[in-house]
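Presented below is the structure to which this report refers.
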Amino acid sequence: MTEPNATRADIRREIRKRRLAITPELRAQHSRQAAATIASHQIFKRSRNIAIYLANDGEIDPAPLAAIARRCDKNLFLPVLAPNRANRLDFAPYHPHSLLRANRFGIAEPVVSRSQMISIHTLDLVLTPLVSFDNNGNRLGMGGGFYDRSFAFLHHRRHWQKPRLLGFAFACQQINTLPHQEWDVPLAGIATEQGVALFD
Ligand SMILES: Nc1nc2c(c(=O)[nH]1)N(C=O)[C@@H](CNc1ccc(C(=O)N[C@@H](CCC(=O)O)C(=O)O)cc1)CN2
Ligand SMILES: Nc1ncnc2c1ncn2[C@@H]1O[C@H](COP(=O)(O)OP(=O)(O)OP(=O)(O)O)[C@@H](O)[C@H]1O
């Protein structure tokens with residue numbers, strides 16, 4: 001993967017190490033705590049179709065939130081690497097018994113036919129994985145530009161933003177200032193084990 005900006009690569013390496021160093025016990029505790037905070041927030045209560053992800057590389061785990069969402073009759077979706085469409089994501093329904101298969105990054109994804117993929121515009125809320133974030137809602141991901149490309153249409157929307165992208169991370173992944181890139185897709189907010197912060 002080519003990296004145009006060494007600074008971003010340095011931050012990525014450093015923060016990935018930091019989140020991988022979190023113990024499994026603390027990771028589980030923070031993931032549960034974050035789930036409880038998100039579940040009590042309007043942004044979750046008002047959402048019916050919610051995209052999550054399967055935790056990888058030391059990420060905070062959306063599984064406890066998924067369990068709550070199922071009890072609340074929400075519909076859950078997972079990202080699937082789109083075939084033939086460079087570094088874009090499709091979203092597929094995610095049920096407890098969904099058939100999953102590892103993608104080229106080793107992350108499991110639902111095995112579904114094209115017709116079962118949903119339109120990205122159906123989603124109300126997208127729990128967005130990230131490596132690092134800053135006070136202004138800038139996001140640094142794994143470097144593939146998957147979320148930036150897939151949700152680029154949000155740049156042209158001012159009001160009635162759907163879906164809302166909620167960055168999901170451990171509080172220790174925050175840094176003061178991330179270099180803003182013009183293609184960075186705007187986050188509605190950030191959720192960590194310390195709470196939910198929405199940007200305006
Ligand atoms: N849990 C999760 N799922 C996700 C993402 C994510 O960040 N987290 N993605 C968010 O976009 C997409 C996948 N993007 C990814 C991009 C790079 C790597 C990764 O591990 N890269 C390796 C190099 C691997 C290789 O080249 O084969 C690395 O950087 O070490 C993983 C996921 C879709 N699904
Ligand atoms: N909307 C877009 N159209 C075309 N190229 C894009 C777009 N968004 C991002 N890119 C390209 O994707 C590459 C990776 O972007 P970036 O480093 O910001 O990814 P990321 O946000 O860290 O990754 P991800 O979203 O997969 O977690 C960059 O080289 C960038 O030029």
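In case you wondered, yes, glycine gets a Cβ from its N, Cα and C as well.
Marked as ATP binding site by TrEMBL: Arg8, Ala9, Asp10, Ile11, Arg12, Arg139, Leu140, Gly141, Met142, Gly143, Gly144, Gly145, Phe146, Tyr147. Arg8 (ATP binding site) falls within a helical segment according to DSSP. Cβ-based neighbour count (10 Å, all protein chains) for Arg8 (ATP binding site) stands at 18.
Leu54 (substrate binding site) carries neither a helix nor a strand DSSP state and counts as coil. Neighbour density for Leu54 (substrate binding site): within 10 A of its CB lie 18 other CB atoms from the protein chains shown. Taken from TrEMBL, the feature substrate binding site applies to Leu54, Glu59.
Glu59 (substrate binding site) sits 11 Å from Met142 (ATP binding site), counting Cα to Cα. Sequence-distant neighbours of Asp10 (ATP binding site): no residue of the same chain at least 6 apart has a C-beta under 8 Å from its C-beta.
The two recorded residues Arg12 (ATP binding site) and Leu54 (substrate binding site) have their Cα atoms spaced 19 Å from each other.
If you compare every pair of Cα atoms in Arg8, Ala9, Asp10, Ile11, Arg12, Arg139, Leu140, Gly141, Met142, Gly143, Gly144, Gly145, Phe146, Tyr147, the residues listed for ATP, the longest distance is 20 angstrom.
Glu59 (substrate binding site) is surrounded by 24 other CB atoms, counting those within 10 A of its CB over all protein chains shown. Proximity of the binding-site residues Asp10, Arg12, Glu59, Met142, Gly144 to ligand 2, judged by a Cβ distance under 6 angstroms to any of its atoms, singles out Met142, Gly144 in sequence order.
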